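Enquirer: Can you keep this structure in mind? I'll have questions shortly.
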């Protein structure tokens, strides 16, 4: 027991004496009688002090054990009164014996309390005894245990031998039935609380509740001031001891009540007793004998439990039997989670009736349970210090968290809609709320472009960082903390103007010269400095006006250039597009509508028009071009009902593009289960609370059909909904998706290229012939796949296209002899498709971006890796062999992730397999991992981010583990891992984080199939491709993720290969396919020819690695921009 508790008990004793004196004066007792009465009180007080001293001494903790309750447990000892002549030294009110075997004689007056009923209402049940004199109405109400005391075993249940009794004496006449207490002295009221009143001889039990106001007292062991809180009620009298906002646990009086607290429900709080949980008085008096056995036990009478999930709980309701005048308690079961469904039903009702929902309707359920949070700080402290049965502090749960958790279920229902509350808006969006803009209204700082001198200086510092990194690489005694020991014991630092603060005895540099602030007197302001500042910021007014006029975004094209053309539908947009986008815009209009002149257009378009293909290089703005076209097309043909089909990873990109350019046209994403807010009101009203996937999709389809809007859907979902012919309930989806679209847009249009696939067959059944195919890599593997794509885009020319490509494929199979004929037929095919295929080879990227450098790096494997590569069984399945070859060429331990054949088990052996397990985190045992880890570390010193591609997730995870072990990095911070199993929303967060220049991410490990199309990864300037794939377009798409509009740095591409493997042969075949693709889809415009000048002439990171003494042995050969002659050369 601490000092605070001792002082509190001493103050309580003084307060009792003071109250006794006031009571005696009110009764007219003389001083002598008062002294006699004080003698008895002093005797009891002295015994109480002895108990208090015993309680101050710590007692050994005993193992707590729960026992089964007996029928006599509801008998509680109240007091002992001695007639005249009894010894005064007997223990007054001792309750150390077993309660169930004791019955005390009070001289024909017995007081039996029902423990269970007292637990419910925190009040005592008084027996019917007649007071003999004026002091008989002073009773010993009960004892309150110390906070850490528990029931120990079966023999001392309800023991209070170590408890200091607390006695409160009240005059029956002074205690008002209306619940008003006598005011306490301001000096001595710290420990006294009003517990209640006991009916007298001639007063009926029910008269206690005759008043309309009943006192509800807040009692807590630590509430030393004994503050009262009065509530207005008709019948309820309750004593509450909780100050928690969320639980309102009940204070248990007496020794039996502490047994309930120390039981298994102790850590979840005591029973909730609020005004709604009690319909009648829960503490009525029932006169029974002490040996009565038909009293209901607390287990069957009232049980309250509350799980942490906000689950079920039992509320006690009281029913009165008029004949017996006994209150029986009946359990009623309610569900706390029912509120979630109430909110959902309320929101659904508001959606159906199109009316607002007010806060008081939604949150009215929790008004009753809320407690005034302005309680005394001492009470708060006491509540937080309560312990559970395991001796651990009880977890304090915030009430607003429970409300927030309940609201989440409602949010998931209506998918981010907004409900109005008068003028206040309640946003239930499940999207993460945007961060607060603390600089709102402030002028954004102007970015000052560095001068050539500053750029050169930065380049020198980066070179120095690379040199320092290479110098400390692969050291025999690496230092984890970055501190070097000096040869002289301690460093002696001097300032070198070129290096910094370095040691004179060793090469250790404590502070680099770039981090040392120069003396201020060297840089005093001058006239030249003022001129530089005025040039960078605060330009004169004419210069600023001239700059604004040159901004393409603020320029509105004159009507002379666009009058009478389709550009008039989107004024001010033409000059914001690149030249190849302007050409593509007019090309689409000519193919779909026949002309670009408004007066020649009709409501149905030109007869005989068909689809077209926009074959612009990846990263040149095909999505932006298509959005502008749809905006203009819907202004002329608002009932055309365009539908966009794209890979699932690009649906979010389309939504962002439509929102970014302020098209003001609804975009309904069929893959999302959230309503956009632009859906048709009548269609939404038909939901009637049904949030099934297909129900929401049908609402979007109906809204798309009724309004001028765009429908977006992914390839897999379109295949699922449109291909089900016989499934019940799916025919309507098929009919709407196949027959209703008036314009079809296929992003990554090369996806449906296999005529045996279901998606290709479904798309051939689409009724409209107005189709737009977007693809930067139209030629994939062979001419047959190209023919399938061209026939989908132009169904009217299907026969002509098929015959021409069939002849071309024959020539390609003849080898070298048929190469001349092949080139001639490619020219004919190119001329045939020129009127519906618009090609741009990406010259805009070479003109506007810093540059691109592509190279093939051939590496020498170490001994262990080469041994595993040589023992791979080449006679197995082709796909299994390719997987093992790609995995082992990265690191030999990846062989354990493959399925070995019987031959491989015999050749490699268990001993080698055990060695591979130990080599997993040793990155230097694999030549590709050795190159990659060192390359990433060096790139980090020059603040360049690395993008790593691989076909296999096991390979990416191994690299991540090695980076964590070697560089002490963390996944999600410095390392990002993105593959097909990552959710779409998480992918977008990773992309945004990686593209931020000031983020801590250093490397992105990406799956080739999941991250090679449609996304922008311009944050990376170094791209490493670990595997060689057969399809050349896969690598082209992967490279275009970094080399695209928005890139600020020169981009370097590294194709890693291992010497003496089949990777080089695969790369040569891939390059041949790429050559054919360039022949077919080359631009006929001389201005659009690719630039052959090598923009990037130096790769300082790779050059430093090749010259480094400990790294140069891993390099066999490096080919920059491999030529045709290199494809026919085998240097392995």
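Using N, Cα and C of the backbone, Cβ positions are placed for all residues, glycine too.
Below, the features straight out of Swiss-Prot:
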- 616, 617, 618, 619, 620, 621, 622, 623: ATP binding site (BINDING)
- 81-90: compositional bias 'Basic and acidic residues' (COMPBIAS)
- 92-103: compositional bias 'Polar residues' (COMPBIAS)
- 233-242: compositional bias 'Low complexity' (COMPBIAS)
- 243-254: compositional bias 'Acidic residues' (COMPBIAS)
- 255-269: compositional bias 'Basic and acidic residues' (COMPBIAS)
- 270-282: compositional bias 'Acidic residues' (COMPBIAS)
- 291-309: compositional bias 'Acidic residues' (COMPBIAS)
- 310-326: compositional bias 'Basic and acidic residues' (COMPBIAS)
- 376-392: compositional bias 'Basic and acidic residues' (COMPBIAS)
- 525-539: compositional bias 'Basic and acidic residues' (COMPBIAS)
- 603-796: domain 'Helicase ATP-binding' (DOMAIN)
- 747-750: motif 'DEAH box' (MOTIF)
Enquirer: Please identify which of 619, 621 has the densest Cβ environment, defined as other Cβ atoms within 10 Å, among these binding-site residues.
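Expert: For the binding-site residues 619, 621, the Cβ with the most other Cβ atoms within 10 Å is 619.
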Enquirer: Can you give me the same-chain residues 6 or more apart in sequence from residue 620 (ATP binding site) with a CB-CB distance under 8 Å?
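Expert: For residue 620 (ATP binding site), the qualifying residues are 578, 580, 581, 776, 840, 842, 844, 845, 1044, 1045.
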Enquirer: With H, G and I counted as helix, E and B as strand and the rest as coil, say where DSSP puts residue 623 (ATP binding site).
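Expert: Where residue 623 (ATP binding site) sits, the three-state DSSP reduction gives helix.
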Enquirer: With a radius of 8 angstroms around the mean position of the C-beta atoms of 616, 617, 618, 619, 620, 621, 622, 623, what other residues of the same chain does the ATP site pick up?
Expert: 776, 840, 842, 1040, 1044, 1045
Enquirer: Please compute the mean pLDDT of the model over the motif 'DEAH box' (747-750).
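Expert: Mean per-residue confidence for the motif 'DEAH box' (747-750): 93 out of 100.
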Enquirer: Which residue counts does DSSP yield for the motif 'DEAH box' (747-750) in the helix, strand and coil classes, in that order?
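Expert: Taking each residue of the motif 'DEAH box' (747-750) in turn, the totals are 0 helix, 1 strand, 3 coil.
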Enquirer: With DSSP assignments reduced to helix, strand and coil, which class does residue 617 (ATP binding site) get?
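Expert: DSSP call for residue 617 (ATP binding site): coil, neither helix nor strand.
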Enquirer: What same-chain residues, at least 6 away in sequence, bring their CB to under 8 Å of the CB of residue 617 (ATP binding site)?
Expert: 776, 840, 841, 842, 845, 1040
Enquirer: Using a Cβ cut-off under 8 Å and a sequence separation of 6 or more, which residues in the same chain sit near residue 622 (ATP binding site)?
Expert: 584, 614, 616, 747, 774, 776
Enquirer: Sequence gap of 6 or more, C-beta under 8 Å: which same-chain residues meet both conditions with respect to residue 618 (ATP binding site)?
Expert: 776, 777, 842, 1036, 1037, 1040, 1044
